[in-house]
Each structure stands twice: as C-alpha cells, then as structure tokens.
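As annotated by TrEMBL, domain 'PDEase' applies to 21-342. According to TrEMBL, the feature AMP binding site maps to H97, N98, S99, L100, H101, D138, D246, Q297. Marked as active site, proton donor by TrEMBL: H97. Look at TrEMBL and you will find H101, H137, D138, D246 tagged as Zn(2+) 1 binding site. Taken from TrEMBL, the feature Zn(2+) 2 binding site applies to D138.
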Amino acid sequence: CGPEAFIHFHGTLTFRHLHLLDQVYYGQAKCMLQRVGTWNFDIFLFDRLTNGESLVCLTLELFCKYGLIELFGLDPLRLHSFLVRIQEGYRSRNPYHNSLHAADVTQAMYCYLQEPKLSESLTSWDILLALLAAATHDLEHPGVNQNFLLKNDHFLASLYQNSVLENHHWKSALSHLRESGLLSHLPIEDRHRMEERLGSLILATDISRQNEFLSRFKAHLDRKDLNMSSPEHRQFILQMALKCADICNPCRPNSLSTCWSHCVTKEFFQQGDVERAHRHDVSPLCDRHSNSVAIIQKSFISYVVEPLFVQWARFCDTPLSHCMLGYMKQNKKYWSNAGQEDLMDNAQTTCCKVLPRGT
C-alpha cells in the first residue's frame, strides 16, 4: 500500500505492488473490502492479507467510498502519507492499543455511519471527522492506563490536567495532520473548527467520562429531543458513535470478540507485571494472579458495554443494533460459562501471537 499501491477509480481502491504479497492475497483483500460495511468483518484476517497495513488500506477505501478526496480537494499522496504516519504512530508492541484496534474502530464507525439516522443527516465534514477521529483516537498510546502515568510521574501526566491519554492522542493527531499538509489548502477557519471538533470526538472516548455521556444520551432519548439537523446534536451523536465503536468488541461475533478479549487482558497484565516489579500497587484488572479474561470481560460487558449499547439501540432501532445486542448476550454467556478459568494460555496461540509484524 505504498503511494503507487492504489488507484482511485469509481470510489474503490485497486491494489498493485504485487511484489509485497502474493497476488492471491491482494485478491482476497479486495474481496474483503467489498464487505467492509458488514458487522462480521474479520479485521484480523484483513490485517494479515494487507501485510499489517489494515489501517491505511481500510481508511483509504472509506475515503474513496465517500468521495472525500474530491469533495475536499485532497492530495491522494498526502492522504496516503498521512495515514502511513498515523499507522506507524501506533505502537506495534501493544497487544491491544495498536493500529489493528484503530482499524477495527474505523470499520465499526463506518457501519454506524451507514445507519439511516446518520447517513440521512450527516454532512461531508461530519463524515470526514468521524473517520479521522476513529483512525487516530488512540494514537501513540503507551500501552498503560492514565493511573499508571500519574503514579509514575510520566511526562504526559504533567502536560494535561485531565484525560491525559485522550489529550495526547488528539494533540498527536493534530501534529501529524499539520505536518502532512493534508488540509493546508482549506481556509484557516475551517481547519481550526475541524481540529476542535476532532478533539471533542477523541476526548469523548475517555472511559472515566462514560457515565457523563451515557446520562446525557439517555436524557435526550427520554425527552425525544435529538435533532439531527442541529450541528451540536450531530456532534454529540458522533461522540456516542465513536464511544460505541471504541468498545464494541463484546458486540462482535464470538470468534472475533474472544481474540480482542485476550489481547486487552494481555496488555492489562503486562502493566500489572511492571507495577509489581517496581513494588507499586497493581492497578485494578491488571493483576494476573487475581483476574482472568472471563472475570474482566463479564464485568466490562455488564457495567460498561451493555448500558451503552442498550441506549444506542434506543436511538438506532435497526437490524445492526439488534445484531450487536445479540452477540453481546452470547459473549456475556460465554464468559459466564468460562467461570474462573484463566484462558490466557490460549490467547498466546489463538489471537495475539498470530498478528503480523506492523499491527
């Protein structure tokens, strides 16, 4: 997927660069992109077929599908260069917060953008921002949580008073965006407005603000006063969509969901190991001696995922919402049946270990 690896033609990407991968693999990747809007899209397989460049290839495809290159007069080479910088800005050694997670969130966001309530009301600016926010929402994630940064007096903790990680992701995205010159041809007022809106979306992914957003969402739904012709309300719905996309793994088919569960647990436990080695208190969920994938997932689904997606289904009462709730219930039952058994050994062979270099 280098600069010469694609042709923008009738809203699709045509892959070349066949010296990188076998032609059969490129054919399979192209076929997968035809189903990029389906909820059972296997991002793990797509990442392997694109040699670890799933974020670049998938985001380029979505920009083409929406005609954003023409609409905003974007330079295709600058766009490609920007996306490569973003992909490389994710740390490949992170088991979970890596470019593959960003690609998965971007694909989920695309599914939500196709929902009638959104597709019939969003502007081209809304769509551009939604895709950029999804692709960059965890940019340069260090693989540890905010509490770890605060406890260890990390330099990032001194830069921001709150939402340390999310502010870092946002500022990193702005740095790459400005350095790439991707939007430099647009009026400065439009660029500044876009940057602020991008920050609003990324900052909304701070899990510590979950109840704040959920309460506001529920209040709007109870009052039935969401107006998608209002720019403010559209921005809020994009915030909620990104929050859903960010934690949608338990709402995916079990084969995909369990892979993500193992990866995020591995990252938690790695942080706990570091904390223990430095004789610090081990953070909640990060102690491999008192937690398991099943314990963590049951709690996460019950207290974080389910409340959010139940309200999203109230807003978007569609087949996709019912599908996500169905998978969530199946996965919740799966982890409940797993009991206290620690499945981390399986994670090494079934999911995280098979990811290609570059993810």
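Placement of Cβ uses the backbone N, Cα and C atoms for every residue, glycine included.
Fair warning: this is a prediction, and the values are worked out from it, not measured in the lab.
Within the same chain, residues at least 6 positions away in sequence whose Cβ sits under 8 Å from that of H101 (AMP binding site) are Y90, D138.
Taking only the Cα positions, the spacing between Q297 (AMP binding site) and H137 (Zn(2+) 1 binding site) is 22 angstrom. A separation of roughly 11 Å, to the nearest angstrom, links the Cα atoms of N98 (AMP binding site) and H137 (Zn(2+) 1 binding site). Other than the site residues H101, H137, D138, D246, same-chain residues with C-beta atoms no more than 8 angstroms from the centre of those residues' C-beta atoms, the Zn(2+) 1 site, are H97, A102, V105, A134, H141, H169, T205. Cα spacing between D246 (AMP binding site) and H137 (Zn(2+) 1 binding site): 9 Å, rounded to the nearest whole number.
Cβ neighbours of H137 (Zn(2+) 1 binding site) (same chain, under 8 Å, six or more residues apart in sequence): A102, V105, H169, L201, I202, T205, L242, D246.
For H97 (AMP binding site), the same-chain residues 6+ apart in sequence whose C-beta sits under 8 angstroms from its C-beta are Y90, R91, D138, H141, G143, E267. When pLDDT values are averaged over the domain 'PDEase' (21-342), the model yields 96. Counting other Cβ atoms within 10 Å of each Cβ, the lowest count among the binding-site residues D138, D246 belongs to D246.
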